[in-house]
Structures are given as structure tokens and as C-alpha cells.
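Reading through the C-alpha cells given below for one structure.
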């Protein structure tokens, strides 16, 4: 195939980092140890470190996946190395620092897993991962991922169109929106436990029916040829490439089709900063980040700043979804 | 007793303080070099150095009240070196922001500074620290005479600007930023008399003449603030 990923682009997975341990050892016994606090929550004793001790190696290791359906890929941009895709994550369920999820998810086992689909459907279902793998052909989709914090990656996802899953449950005519929910289990997701938790859990997200049925919208079960690592949203997550990363909800346990627009976590938290649509838009700035450009995370130490594209470069495919919508108002 | 020990070993104490403050920065450089900070260390580096500068600023501002309370005058000698370390951490913080975050795009830096109050506040705090660092040299201090203390009182402005800069910059987890604001408030509260004095002085200066000398039509005319009929 013409656009096959060159094997040189695939970086082998690095050994798990032990930053936390190193930081603790280096905790110079002066007031400055506060500076060296590895996580925001661990600044003073007051916040406590609720997280259980983590093993050196994760209990769940991603398994190789076979691509059962070849799809063309037009994206020629360089892939972000796997080691960076799996060590730089926003997944507050495992902590608020970028390196927290890989550290704090080592005890997280996504097996067994079930996902429930209900609401405005003719056929409610509860599926386990075996059923999902049996019913859907796995494709590889290389997408840009643009975080609202103005960094971006290029990731080879594995998955299947969300539309295929939704057709299975036969939406009723009242189904206008799709609501998603992440697992709520503070025992397994230590970030949900934090006494000073900054966001309400469970994490929820939503799409319009048209967005959910769009062929680019992916239910991802893997990346870089393997099942998803815990920190990337194992075992099942959403990937909506033309929206800011926070829309692509991880570790989904429930999908509900609704008539009313469902609440979404970041919008509920700061409605002036995050909208329901959250389409990548270089014209509409976030109060704290310019959205005109982004730092593309690649193999170099310094992520290069590149211009951000309208709808993250998927304008031709998705612009028609928003015809007549004021994107400044509906950000 | 403690005071005498401090006085006698001041150079050793200073060396230890230098080491204790340089160590986290050296460790950070080592971690970065070793790739231990994850896929994109920019945010971590920015927060680490920014919070480091803020912590050091607070420690610096704690020296005087502490030394006064426990009558440990030799500690006053630590203020300059601590202040210069605040500047060092703040400089690394700003350099990381400009070089790694903005990709050395100075036009973007200019735009961001003007369009985002939290960056503006950070820049203003940095400008204050820069002025204080440059004038920290003994020779300059002598030459500035009484003006020197006036200039160095601006540190209290930095003590307000910096935590507000931090508070406005965080996306979630405001609790920590609020603690910084509270600590800043407390450090200023410890100096309420000093900070209040100029306000009081000004108040008296403005009030006194009015109270003692009623405004007559003629004096008002002399001041030019009544329309002639």
C-alpha cells in the first residue's frame, strides 16, 4: 500500500518511567521540596497523596491487533512517536499532570469491560469487548489530535466508525444527540479520589447525531498496532479528529442517545472557555491560549510551532455539518 | 547563642542555601536531559520553574519577619542571594515560555502579552524583579541612597502580581493557586504597618489643608476650579 507507515516511524515503547520515585529521593529537605512536588495535589501534606503505590510495570499490557479492513490514508504528516503518545496524556482520572496517567494507571486493568448503549434507541444493548471485536472490522486511521492547550500529535488509531455501533441499536426519530460517559471507579482511577478534585466525575461528553454518524468519527480500541494502553483510554474511546482533544472521551462505559443536548464536563465547568461543539478553530481564541497555532509533538525535544488549520484540517469533510452556524457563538 | 552561630558561619550557611536552591534546578536539567519528563515537558518545566520562583519569593519575604520575630539579625544577609535566585528561576521560567512554548516567535510573544492579562502580570512581575536584581549591587545601592529602599519596596507588587499570574493561568485545580494567594496576603499582612504608612501619610496630607483652611470663593478662583461668572 502506498501510504503504509514506514517501520522507521514506529518508536519502540520505552521502559516505564520512575520519575515519581526519583523525585521523592531527590526531595531536598528544605522548603524547596514543595517545588519538587511531582503532582499539583502533593504540594502540602494537606492534599495528601491518595494514590496507591504503583508497580514498576503496568498490570495490563496492550495486545497486538490485526487490521481487518484497509482504508486509504491521505495524511502525510510525520507520526508522533509512540513513546510520546503514551506518556503525554490529559486523563484527569489518573492525575492532572501530563505524566500522571502513565504512572498512576499501572494498576488499572480494563478487562473485563462492558459498554451499555441506551436512551432513544429501539434496541438497548450491553456489549463486552469480545462482542465488539466480533462485530466490527478494525481499521487504521491516522489522525491529527489537537489539544485545546495548543499542542498536537499525529496518531495511528485503530478502531471502527461510531456510526456502525449506533446503527446496531437502531436510533429512534427522537435521537438528536449522543451522550458518552467514562467509567467512574475511584478505586481504580485514583484521580477521581482526590479530595480537592478539580473536575466533577464521571467525565461526560456529547455529540450531535450528525457528528456521531460522520464517517470520520471513530470508536478507537487501539493505537500503534496494539490495543489501547490504560493511559490512552483503554479499552474503548472516542476519537473526533476535527474537535479539541477533550471531546474524545476515554474509557467509555455508557452511550445514551438523547433528544436534548447533553451536558459535557468542561463546558459545565467553564462555559465561557469551553463550548459544546469545541471544533478546532484558529479564529476563536481560548482565554488562555491562542488557537492560531499549535506545538506539534514529534521526535525532537522542542515541539515546533505550526499554524492551526480550520477544523484541524478536516474542513472539506466536516464544514457542511455546521452550515449556517455562527462558529464564534457556538464554539 | 543561635545568633552567634549564624554570624560566625554565615559563609557556610550561604553556600548551603545556594546549593539547596541550585539542586532542584540541576535535577530538573538532568531529568530533561534523560527524557524523564514525558512526551512534552514544556508544561512541566514551566510550572516547575514558575512555582520555584514563587516559592523562593515567598521565602525571601519571610526572612525579615522571621529574623525580627526571633531576633536573628544575621539572617538579613540572606535576602539578596535569595532574591537573586528568585530572578534566576523566573528567568528560566520566561526563557522556557519564549523558546519552548512560543517557539521563539517574538511577534506572538508581544500579542500574547497584550491579549492575555495573566501573561501581562507575569511580565510586569518579571520587570520588577529585573529592576531589583540590577540594583542589588552594593555600589548601585550606595549611589541610589534613600531611593534604593523605595525602589525595593516594589517587591510587594511582585508578590501580588506573581500569584495572580499563576491563579489566572491554571485550567483546573484552583486550590493550589488560591493557597499561593493566601500566603501572599499573609506576607503583606505581616507588613501592614509599613505598607499602610504611605497611605496614611497621603491621607493626612490631603485631609489636613482642607480641614484647617475652608475653601473660599477667592482661594477656589486662585486654584482655577470654579467657572468665572
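Residue positions begin at 1 at the first shown residue.
Just so you know, glycine gets a Cβ as well, placed from its N, Cα and C.
In TrEMBL, annotation is done automatically, which means it is predicted and not curated.
Straight from TrEMBL, the features:
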type	residues	note
DOMAIN	B:55-162	domain 'Ferric oxidoreductase'
TRANSMEM	B:12-33	transmembrane segment
TRANSMEM	B:53-70	transmembrane segment
TRANSMEM	B:82-100	transmembrane segment
TRANSMEM	B:120-139	transmembrane segment
TRANSMEM	B:151-168	transmembrane segment
TRANSMEM	B:174-190	transmembrane segment
Considering the transmembrane segment (B:12-33), which listed stretch of B:53-70, B:82-100, B:120-139, B:151-168, B:174-190 counts the most C-beta pairs under 8 Å: B:82-100
Distal contacts, the transmembrane segment (B:82-100) - CB-CB under 8 A, six or more residues away: 17-18, 21, 25, 42, 45-46, 49-50, 52-53, 56-57, 59-60, 63, 106, 109, 122, 125-126, 129-130, 132-133, 136, 155
Close approaches to the transmembrane segment (B:53-70) from elsewhere in its chain (Cβ under 8 angstroms; 6 or more beyond its ends): 2, 21, 76, 78-79, 82-83, 85-86, 89-90, 93, 155, 158-159, 162-163, 166, 180, 183-184, 187, 190-191
Confidence summary for the domain 'Ferric oxidoreductase' (B:55-162), mean pLDDT rounded: 94
Positions on the same chain near the transmembrane segment (B:174-190), where near means CB under 8 A and six or more residues out: 54, 58, 61-62, 65, 156, 159-160, 162-164, 166-167
